[in-house]
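S.K.: Take a look at the following structure, please.
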Amino acid sequence: MAKLLRLNAIDGDMPGAGEADLFTLAPGGKAYVPFAWGSRVLGCKPPPAHGAARERGSVSLRPHQKGVLKEAWGHVTSKGYCMLKCPPGFGKTFMALELWRRLGLPALVLTNRRVLATQWRDSATRFLPDSRVFTSGTPPPDALPRDLYVTGPASLRNRRIKAKDSPAKFLLIVDEAHQLTSPVSCRVLLSVRPSHLLGLSATPMRYDDYHAALGAFFGREDSTVDRVDPRPHEVEILSTGVHIEPEFSKITGKMDWNSVIKAQSDNPERDAALADRMLLRPDVKWLVLCKRVDHVKRMAETLSSRSGKKVDVLHGSKDEWDRDAWCVVGTYSKAGTGFDACERTGLCLAADVDRYFEQCLGRLRANGGTVLDPVDDLGVLRKHSKNREAVYIAAGCTIKKTKCDASRPSQSTPTPTGSSQPAPRTRRPQR
């Protein structure tokens, strides 16, 4: 999603921040620059869109989505670009599909996971039954308005899509845009030249220099449609009693974070304590998130053996799961972001998570879900727990703090340290 500019048309510095160079040089004294940045420099407007009369399926937009779509439509048709910043479950996919329908242009969706590509295909055929969905490649020059191409950045790496190989006008949708503005993905984005651009993310932020890429490609705050949708859940913050002894680098002296995750993952007593706590809620359909694949497998075995219930796993190349299973265990990378499992009513954080936690909490799509949030005995883990607690408070969750001795699973039933109460009045845990 680049603009091709002559270098002599650029007054000032090229786009970038810190270590992030957000441009690539082209022959003839030109450069490919991020879409929104280039549009501002050129002062150009997008070409007019000619909506096609396409019939919707059985899915219709909800009132709160119509207001968001109206704002997004204004940005895309007047500037050419927009960022939809809406929480998980708000309906960003369907709003993007409706905007595509109204534009009447072929579309390309960039997403970084196959499971998300499958969800796009299924959503498109539900929402717009006449859609032709292709899960590889990019729109050719003769692509039709009903043609939707869904692909990953890896397939476009080392390619430059020439203007003559693409439609004169097409919409580019970037799903989970915060993930697709990494150093490698930015080079891919600079190889695509759409006429209209839409970014989707519940958390459009990065923790490195490439945070600047989000504004350069999708526009600043005045091009962002921002919504919140608090969903109160019942949260149990469980002090496990497990003491973590991290390792430290002999060279830098810094904590080896992998050693912390390994200590959490290689603790069968801790797994059993979590399983026993989850069994106290047999009516909840759990999603358990882990960092390591070996932990996913062991946790699934523990849950299956202690419950006698159906347990499924999600990791690696596995994209399908049993929606009737009592518990689905997956990695954060597989099931923590963009994962659409509306049937899940419980979330267990079997390994620590800090950044982008809002994405994980968003896997619970309905109000009144259950969250089991274990906290081990280590300063940085307690700090991450406080960060997650702030997210719970913002969502209006009810928080209950308990403790257990995870070294003795047979006695692992949590003991309350404070009564259940609304989040704003949550007590601090005793130290």
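Heads up, the Cβ atoms here are built off N, Cα and C, so glycines get one too.
Positions annotated as ATP binding site by Swiss-Prot: C86, P87, P88, G89, F90, G91, K92, T93. Residues or ranges marked as compositional bias 'Low complexity' by Swiss-Prot: 407-424. The region 'Disordered' feature in Swiss-Prot is assigned to 403-431. What Swiss-Prot records for 175-178 is motif 'DEAH box'.
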S.K.: Quick one: mean pLDDT on the motif 'DEAH box' (175-178)?
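M.R.: Mean pLDDT for the motif 'DEAH box' (175-178): 93.
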S.K.: Three states by DSSP: which one describes K92 (ATP binding site)?
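M.R.: K92 (ATP binding site) sits in a helix per DSSP.
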S.K.: Using the CB centroid of C86, P87, P88, G89, F90, G91, K92, T93 as the ATP site centre, which other residues of the same chain sit with their CB within 8 A?
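M.R.: Near the ATP site, the remaining chain residues are A202, D229, G362.
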S.K.: May I have the DSSP-based helix, strand and coil counts for the residues of the motif 'DEAH box' (175-178)?
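M.R.: So the motif 'DEAH box' (175-178) is made up of 0 helix, 0 strand, 4 coil.
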S.K.: Return the count of C-beta atoms lying within 10 angstroms of the C-beta of C86 (ATP binding site), excluding that atom itself.
M.R.: 22
S.K.: Validating a neighbour-count step here. Other CB atoms within 10 A of the CB of T93 (ATP binding site): how many?
M.R.: 21
S.K.: Sort out for me which one of P87, P88 has the most neighbouring CB atoms within 10 A, since those are the binding-site residues we care about.
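M.R.: The most densely surrounded of these binding-site residues is P88.
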S.K.: Long-range neighbours only, meaning 6 or more apart in sequence with Cβ under 8 Å: which ones does K92 (ATP binding site) have?
M.R.: L84, C86, L200, A202
S.K.: Using all protein chains shown, find which of the binding-site residues G89, G91 scores highest when you count other CB atoms within 10 A of its CB.
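M.R.: Of G89, G91, the one with the most crowded Cβ is G91.
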S.K.: Counting across all protein chains shown, how many other Cβ atoms sit within 10 Å of the Cβ of F90 (ATP binding site)?
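M.R.: Looking across every protein chain shown, the total is 21.
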